[in-house]
Amino acid sequence: MTSPSERIIRPGWENKTPRSPEDFARAWKESSDRALLLEDIEDYIERHPFHGKHYDRFMESRRMDQSSAQRANSPFTLSYLQQMNLTLWRSGVMLKTDPSLTITMLVTNFLQAIIVSSIFYNLPEATSAFQSRAVLLFFLILMNAFSSILEIINLYAKRKIVEKHARYALYHPSAEALSSMIVDLPYKITNAIITNITMYFMGNLRREPGAFFYFLLVIFTTTMTMSMLFRLIGSVTKSIAQAMAPSAIILLGLILYTGFTIPVQYMRSWISWSRWVNPIYYGLEAIVINEFAGMDFPCSVFIPSGPGYEDASPSGRACSAQGAVPGQDSVSGTAYIKSAYGYDPSHRWRNFGVMLAFMALYASLHLVATEYVASERSKGEVLVYLRKAMKHFKKSPGDIESGSVTSTNQQTYNGNVSGGKVEKNISVFHWKNVSYDIEIKGKPRRILDHVDGWVKPGTLTALMGSSGAGKTTLLDVLASRVTMGVVTGEMLVNGSLRDESFQRKTGYVQQQDLHLHTSTVREALTFSALLRQPSKYSRQEKLDYVDTVIDLLSMEDYADAIIGVPGEGLNVEQRKRLTIGVELAARPQLLLFFDEPTSGLDSQTSWSICNLMEKLTKSGQAILCTIHQPSAMLFQRFDRLLLLSKGKTIYFGDIGKDSHILVDYFTRNGAHGLPAGSNPAEYMLEVIGAAPGAITEIDWPDIWQNSAEYQLVQQELGKLASSASSEQPSTDTHVYEEFAASSLEQHRQVTKRVFEQYWRSPGYIYAKALLAVGVSLFIGLSFLNGDNTQRGLMNQMFGVFIFLSIFPQLVNQIMPVFALQRVMYEARERPSKTYSWKAFLTANIVVELAWNSLMSVFAFVCWYFPIGLYKNAEWTDSVDSRGITIYLHIWIFFAFASTFSHMMIAGLPSADIAGGAMNLLLIMMFTFCGVLAGPNALPGFWIFMYRINPFTYIIESFLGTSLGNAPMYCASNELVRFSAPNGSTCAEYAADFIAQAGGYLVDPESSDCGYCAMSETNTFLASVSVSFNNRWRDFGFMWAFCIFNVGMAFVFYWLARVPKNKKIKKE
């Protein structure tokens, strides 16, 4: 009664029946039924007062159900400890059921440990290994600290379920969180032992029992502390997008302010406080102290040395390492870490205590947040319109925000559904002896077995059967959508074989309503019309036909509304109408396939969709529709029925008024009659044994094969096969092509839509901008105005190295967006032959390149100028040219990140799997780029990794362009100090050494010598195998890497995702 589309007005009551919600509400308030209901309520309240004896009995019963350790007023039944035990058991079962991710992470981490430690294999206990030992320890602390970063994603994967269970008072979210921590402990302990023992002993770190176990203790504590931090980030945010965007900057701060990349004495005062809230700083200081403090390391290089200095007195030479004392042959590890990093050995156990405090704080805040911070809620099915469409609605009296659709909600059904101006079908599609076989576990299995039938224009044919009967499979086979197995039989159009254009000439309305959430209804229809309608129609004719479809489907009021995601934007019925409209907009020349269009819909919406299908058939459309257990009223809307059971035909023919033809067939062949008031659809499934609990001993497929109806079907199929059109085949080759639109038009339309999608996804663009600006500016300000001292150049090099940390963030942003679009393309647009996979890939790559080009401008400005790299160009008066060159290198770096992400995700099934593969490659690229270990320090078998690594050429182009051809000097604490022999000056004493080794003396005429090993930046660059002259060569190499990425993206997609025709055999 309340549904306008189902309500039928009794003659003579047209002006008395309520129509609007207000009319129904007024009629109810004035009715005697409401008055009687109010009396019943008052009577119940008098007999059962609130807090009366019945309430007390209920509370007693409730208290008996509750645990004795639970509060009486608590909504929870189990005690907190029981909740923890229950969730702990469930978490353990889940881990046991699917341990693949845990095992994969263990193996991956072990491989990473082997690779990294092979670079630092068996480090000598001498000053020459000072930097290498520190780098290895830095690697160790970061690998352990960030091994739990995926816990943010895992938390969001189950957060909705946990919150739902909490609303049902099953358990506290904090109890589940505690259980999750406990279940993860075995993995964390195993990973810590395997990974760290491998790296510790392969790297020849301090081999003393006390030092080793202290190292394991601190490393594991760091892992647990960071795990709690990542869980806290996940629990205090409402969506994974909110969690990941600020996490990038937080993680960058954690890396920068450990005291390694920027030593304490070089930190800017305004940000140096951040190390006090950085758990990794305390962990790294503790293990560095553990490794170096209390040990003396033999000196590897003395200044001066070489011919003529063999007999130099102890005061006449000094070790070149930081912390060295003139005249001593060894360097104290304690002095080294104080001088190089500002670490204090007295902090050894203090740091461990601070880390425990951080771990407890993060864990407590995480548990509190799980109880009080809810995840992002759905905004509801409220229509959102484009701004340009709002002007129209401001002139309209309708309520936009209510999402009212007057054309669908204000019409009253009168039993006569008429068609519109939609294009009619004139072709008959028929099939005979269609079978479909696939291999399951190496054994052949027949899914469809000699199925016959046809669909004629103006008819609505139902395809029914129990679950697993082969309904959707037959639909996919007939629509040429299967990509594997063997299909046999005849499938003809007007007696002729189907050609390559068959898929685009048919419409396939899928069960799932898959649409691009950022498009409007009109844009989705227009996209389908422009790419799928035959080329004989002009652009204007295609656009006019879109208006025809909108009018036919009564979508005028929300034609300019944004589609949105399920639960937001269009409601269920509107989405289903749009799904049908997308297929109609293509002007299907043959027929429409509907795959369970009423599945998951309420009765009112199902009735509306059936009205629409009937309207289409009256317009001349041919429809074949799978439907599952319809109501009697819905079933009566169909003209014909094809009934399947286990892939075999049970019945194909007319249904008849009140299903009398169908019922007569079954009763004539041994079934009982249709009980009065029964649903013919349920009766039909019951008699063939397809209903739950139903059993039949009648072989209905055999009965069909021997029936008179079957013979009539075969006769009709023979007529249809012999009545091939006498018309000459078209000479226009476009009629038979796979795609209706040209390749250029496909690329243009798809690229335009992807650009619109990005523009209407401000959250994604803001995240990109935040990453480009936030990370770049943070690095630039952290290394603000670097000096050209030895440490200053080292800081600038680390500023370049850390800048590359944008790379994984960019890749992780791009891959999920691509995967989302790929789902829609492969599920709906590719089978419909809307456009080719080449257009899909090209459009996504082009749009990402465009946006990343813009982001490269932001990154250049926010990083290059604050860090002060432009100052090095002032010495050669090339500030402008070097600035442009650096920007071009930053641009190609962003382009490389974009194309690399598409190469990684193109052939893999999900962004998570692609992200795991990317992480392994990323470790390799960061490790072998020449910063942490130069090519001279690499084992011979790893040299090829240095040469094929894109980051090698990025680093060289950045460093060479920004630091080359400039002077440098040593700070006072960087000078190597020694004394000249009596009666000679420093210049005289060190002349031979300087002539051979280079460098300069601070006060050459004095006898107290201060030596600096480098006087120009090119010497520093040469020490890390970088050359200013290679900048354009490196730029060319990066172009080659980008082209390689794009090419491999196409290759991987074709190999893994494009259906190959050879998989299907048609006989």
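Start at 1 and count along the chain as shown; that gives each residue its number.
Placement of Cβ uses the backbone N, Cα and C atoms for every residue, glycine included.
Just so you know, TrEMBL annotations never went through curation; they're auto-generated.
For the domain 'ABC transporter' (429-671), the predicted model reports an average pLDDT of 88. According to TrEMBL, the feature domain 'ABC transporter' maps to 429-671.
Taken from TrEMBL, the feature region 'Disordered' covers 1-22.
Outside the transmembrane segment (100-123) by six or more residues, the chain places 129, 132-133, 135-136, 139, 143, 147, 150, 187, 190-191, 194-196, 198-199, 202-205, 916, 919-920, 923-924, 927-928, 933, 937-939, 942 with a CB less than 8 A from a CB of the stretch. Summarising the annotation, TrEMBL assigns transmembrane segment to 100-123 (among others).
Tertiary proximity for the transmembrane segment (135-157) is limited to same-chain residues at least six positions away from its ends with a CB under 8 Å from its CB atoms, namely 105, 109, 112-113, 116-117, 120, 123, 184, 188, 191-192, 195-196, 199-200, 203, 205, 219-220, 222-223, 226-227, 230-231, 233-235, 239-240, 243-244, 247, 251, 254-255, 258, 260, 279-280, 283-284, 287-288, 291, 375, 912, 932-933. Residues annotated as transmembrane segment in TrEMBL: 135-157 (among others).
Annotation comment: TrEMBL describes 211-233 (among others) as transmembrane segment.
Annotated transmembrane segment per TrEMBL: 239-260 (among others), in sequence order.
With a threshold of 8 Å between CB atoms, the same-chain residues lying at least 6 positions outside the transmembrane segment (349-369) that come near it are 174, 177-178, 181, 217-218, 221-222, 224-225, 228-229, 231-232, 235-236, 279, 282-283, 285-286. Taken from TrEMBL, the feature transmembrane segment applies to 349-369 (among others).
Positions annotated as transmembrane segment by TrEMBL: 763-784 (among others).
The transmembrane segment feature in TrEMBL is assigned to 796-820 (among others). Non-local neighbours of the transmembrane segment (796-820) in the same chain are 244, 248, 251-252, 255-256, 261-262, 764, 767-768, 771-772, 775-776, 779-780, 782-783, 786, 844, 848, 852, 859, 863, 867-869, 893-894, 897-898, 900-902, 904-905, 910-911, 914-915, 918-919, 922, 926, 929, 931, 951, 954-955, 958-959, 962-963, 1024; each lies 6+ residues outside the stretch with a CB under 8 Å from one of its CB atoms.
Sequence annotations record features per position, and here TrEMBL assigns transmembrane segment to 841-866 (among others).
According to TrEMBL, the feature transmembrane segment maps to 886-908 (among others).
Sequence annotations record features per position, and here TrEMBL assigns transmembrane segment to 920-944 (among others). Long-range contacts of the transmembrane segment (920-944) within the same chain: residues 108, 111-112, 115-116, 118-121, 132, 135, 139, 797-798, 801, 804, 807-808, 950-952, 954-956, 1023-1026, each at least 6 residues beyond the stretch ends and with a Cβ under 8 Å from a Cβ of the stretch.
Per TrEMBL, transmembrane segment is recorded for 1037-1056 (among others).
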Beyond the flanks of the transmembrane segment (763-784) by 6 or more, those residues with Cβ under 8 Å of it: 241, 244-245, 248-249, 252-253, 256-257, 262, 267-268, 271, 795-796, 798-799, 802-803, 805-806, 809-810, 813, 817, 851-852, 855-856, 858-860, 862-868
Result, the transmembrane segment (211-233) in contact with the transmembrane segment (841-866) (3+ CB pairs under 8 Å): no
Same-chain residues at least 6 beyond the ends of the transmembrane segment (1037-1056) whose Cβ lies under 8 Å from its Cβ atoms: 837-838, 841, 845, 889, 892-893, 895-896, 899-900, 902-903, 906-908, 950, 953-954, 957
Sequence-remote partners of the transmembrane segment (211-233) [C-beta within less than 8 Å, at least six residues beyond its ends]: 140-141, 144-149, 151-152, 155, 177, 181, 184, 188-189, 191-193, 196, 200, 205, 243, 246-247, 250, 279-280, 283, 286-287, 290-291, 351-352, 355-356, 358-359, 362-363, 365-366, 369
Distant-in-sequence neighbours of the transmembrane segment (886-908), which means Cβ under 8 A and at least six residues beyond its ends: 804, 806-807, 810-811, 814-815, 818-819, 841, 844-845, 848-849, 852-853, 855-857, 859-860, 863-864, 869, 914, 917-918, 950, 954, 957-958, 961-962, 1031, 1034-1035, 1038-1039, 1041-1042, 1045-1046, 1048-1050, 1052-1053, 1055-1057
